[in-house]
């Protein structure tokens, strides 16, 4: 990763531990990929020198495809600054990322560089077929069903089909199921997918 | 409004109906706060009755579907007697929008779902200026950003004449927080508040006239129960301390009395919410444990001993190292007190003994004998209240004149479960079984052992515990004889049973280690114990339920003499007739009432009922309450808290300063109008001109408060059904809003990727709005690990941006901030076009779904989410399923060939297996 020379001594550099970096003669603060760059701004600094970031953005011009403004929030009452910076960057095709600690800032920089060529599979739909985690996901979607209840249900009924078929009266006999919980679960299984038409 | 209203209420106490007051209809505003059980519903019903006339258009808000149904039914009865014109009409998501307009125009009394009303007000389907007024139920749930607040704001903007009346029977809710009463009144545009506590002079005078005599029977707890209760409280105390230690932020009155109430969880959550994303998993777990322990204290008093023990077993299994959930142990399980709870709970069910004499003497049913492990002696302790109940009934039977047998005994319980339990006991009791519960308890234990067997399959590696990953083998030493170890009594009882199975015992040095180990041992031990039997007889899964005892026939034939009912405020079952406690009493007209579980609401209803009986004979009332129990303490402090709440509210009212224009009715002077024209900061609620700007909002977004806040920025909100995006700000700016929980969820499910993908395809500037909660911290989960982790939310944001460099992110600390940013973006931009926004993305749907008209459909959220977590269901096929299958129940009944037609071979197999395989299959 390339870092602009004047960043020497900036504490954020101490928090970049997982990747190698070097000083280099670049226009943005950090170059984290062939087409991506990061500008770094601490709000404390911004409060003292509000004109600084304008200048930097101007210098940056239209270079790079992915342009990030990494804001380090180190002052209270920060929403107005974030709002103002959001407006500014929106007009200049820059994306804002907010971080709340110096470690987090460092982590963002590291991650951008190390994920540079990573495909987005991680955030795409996943095919995870572990039975219990799926089962837990499935049942805990219903409000107030917790993991203990998942165990209770599967151990008492044996199959998901049996759970789905169970009547509220039958569910109530499972330990840990009150009237409300039993009723809620049973009615969710019978709630139609399609809400009756509204429009 | 004061006088007629008072009269209404008192007449209600008197059961004189409200005929006298009908002429004095009141158009005033007001908030009424009553004690629980003093007939708030009756008051509401009276108002509904007054206004259900075609010349009015009165809207009832914030009322649940079930409540509406029961109100409707009751209203129909009242109105039939006077050839009523129009009953309560209901508008919910099943009412087509085309019909809604004509319903509004026809007027009458309407109960409407808030979300639908907001949309209709914004799209001017409802003639707001013609609304006569609003009745708002459960006023304590209204907040400044709730849908109801939005509705009232829109209402007051156009209509200065209509009334707003609000009702609440939860005085306690008004004393949490700072000046909550004042805030709610401001939100409701209400200037006057009326209190009707139980100690109000008029009320208590009315009720004293025909006082009920309650025979209170204090039932002592069994010694085991007493110790378990004490130990559970000890666990609760220590967990409370843990919470305090782990979070540092919580500032609550940490006494046990508070912790016994459900509202305590809420208070803790409110305090922790601002830092919820920042506290450790361990702390979260501990906070949840509080809830678990508290419910255990409840169950101790209401569950039979077998059910209680099996619940404990399940909790243990969840926390075991071999658990299917790999998670941290709950710290309270490692306490000595927890040890006591577990061993005593087990001792209430059965003990292990090697004494042949005892074993021979124990009488059990044949089936149970077959199932019981060796050297087990069933104890099967009964709940103390059962015995007392039986003797009360005996006493009553003796008292009843044999000629006039038609005396009714009403037994009130607080849950369906208890009601089934008592029905079984009483039906056996009536069959002249002296020891009525003997058969029942044996059956229960029988089912318990069957259940334990099934539980075995669920333990991930119960038969492969040797290669347990979590517990490193190095610190185990196999010892055959562990009786000399300093383990608790429970541990040694376990050893007795295990010696027959020759199981491995693992012992560690430190106390906590021993305890963790205990969980492991406890489970694997039982596993070994039962496995042998298991191999002999293969049982089918799902055949036995803990309570599935074939007594149904007798139970259905409900006894004419003994009637068991649940309290209306704890009952949640949709039954054919949802009855209020009061109506129940009126209908049944009992001669004896046994209050099996103490319930304040019911006792108040009983008081009113008795007062209404005049000179007729009032029923004899028995109340069973466990002596020195949590039940007793909770009942008493409930009364105390309500009284305190009222006293505080009355004080608060006396010093409250209410602005004269709080009701929003006063039109400002023309002069003021002039000043407001040039002032950019216009207070909400008075501007009558249409706003120039507009934002197109997806109708599903009306669940959150952002549309309301956009509206306060003088931007018109246009509700539409959008396929792409949640908010369309300008022709090029499209926003997807995500709260933090949503964000985490939709990163996980991959939905966000799809959403951003389609936004990028249709709009020049896709925007992701990450909206934090007002009351929660403006912080993402902190990164504290040293390595870059795929699981961190930060890493996922980076990946998303690398995939979509054009995506912009808005970071909003609250919905207020979101609305401000929207305003910024809209500056100097063109207004978005409705038609265009709706049509965008419809090709996308066509491609995936083939049939066009599905695009406008709404799906129910929870079933949809559940469907998506089934293996074999993906974003590309879930809509096909939803459009062709009615519900999850139907899906579970489908065969592979049926599923194949919809989703193809591979998915069909996965879906079918998910529903039909047992944990046993999963093990192989």
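For all residues, glycine too, the Cβ spot is worked out from N, Cα and C.
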Which range of B:54-81, B:82-109 is coiled coil, per TrEMBL:
B:54-81
From B:444-464, B:465-485, B:486-506, the residue range that TrEMBL assigns the feature region 'Disordered':
B:486-506
Per TrEMBL, which of B:803-822, B:823-842, B:843-862 is region 'Disordered'?
B:823-842
Stretch-averaged pLDDT - the coiled coil (B:54-81):
79
Grab the same-chain neighbours of the region 'Disordered' (B:823-842) for me: Cβ-Cβ under 8 Å, and only residues 6 or more beyond its ends, written as numbers and ranges.
693-696, 713, 715, 718, 720-725, 728-733, 758, 762-763, 767, 852, 855
